[in-house]
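What TrEMBL records for this protein:
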type	residues	note
TRANSMEM	12-37	transmembrane segment
TRANSMEM	57-81	transmembrane segment
TRANSMEM	102-123	transmembrane segment
TRANSMEM	143-165	transmembrane segment
COMPBIAS	182-195	compositional bias 'Polar residues'
REGION	182-208	region 'Disordered'
Amino acid sequence: MGLLDGLNINAVVLARLLSYAVLVFFSFFIFVGVAVMKDKYNGLCVLYIFGPVSNCNYAMAIAIIFQLFYALYRIVILFLFKIGKFTTDMFLFSDLMELVHLGIDLVALFLTFIAACILSAGHNANCGKYNCTDDIWVSPSRAAQAGAWISTIVWLLLFILEFLYMMRHGKIPFLPGARAQQSTTTNQTGETPQVDTMPADQHSEIKY
């Protein structure tokens with residue numbers, strides 16, 4: 001449990017900030033790489049030997065929605081918390097919103113993994129049939145694949161980190177021990193428990 005004990009909120013916020021920043025960075029590898037690849041062939045998707053354009057558009061959409069818009073939103077929120085503008089008392093940092101963000105990260109992980117598979121399989125389908133070593137679309141395709149696979153790994157690490165943190169602090173209600181953890185947290189508020197004492201008049205009546 002030593003590793004879990006080190007998952008305090010400041011360390012987790014910093015790790016989240018770094019993870020989302022990395023995701024934003026590699027989002028450009030994906031949608032710029034795919035966009036350049038399409039531009040080389042007048043908007044057509046060369047993957048799967050000129051398969052449906054949706055194969056390329058899917059990877060671009062996932063990168064823009066989750067790794068650009070959503071990740072930037074999370075960076076702003078976490079940065080404002082880091083500098084003291086936001087506090088844990090706000091709704092954005094409630095247990096409910098923590099669960100929502102955890103769910104979104106899981107969805108992003110799954111969809112990004114699918115995008116990485118589509119990009120890699122489409123590239124291999126072309127190069128398995130034709131010699132595409134010097135083709136103009138190969139470098140953008142490889143950049144997009146690298147961005148997608150690295151992003152998948154980052155999403156996975158981020159999800160594991162957030163899940164362990166929330167489990168450690170009893171923020172996942174459907175897991176055993178969550179209520180006990182919340183009860184323990186309540187008892188550690190620093191309030192002195194009230195102790196029943198004997199009334200003064202009864203105390204004076206005690207005979208030795």
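Cβ coordinates are placed from backbone N, Cα and C, and glycine is handled just like the others.
Taking Cβ pairs closer than 8 Å, the transmembrane segment (12-37) reaches residues 45-46, 56, 59-60, 62-64, 66-68, 71-72, 74-75, 78-79, 81-82, 115, 119, 137, 140-148, 150-151, 154-155, 157-158, 161-162, 165 in its own chain, all 6 or more past its ends. Remote same-chain partners of the transmembrane segment (57-81), defined as residues 6 or more beyond its termini with a Cβ less than 8 Å from a stretch Cβ, comprise 13, 16-17, 20-21, 23-24, 26-27, 30-31, 34-35, 45, 87-88, 92-93, 101, 104, 107-108, 111-112, 114-115, 118-119, 144, 147-148, 151.
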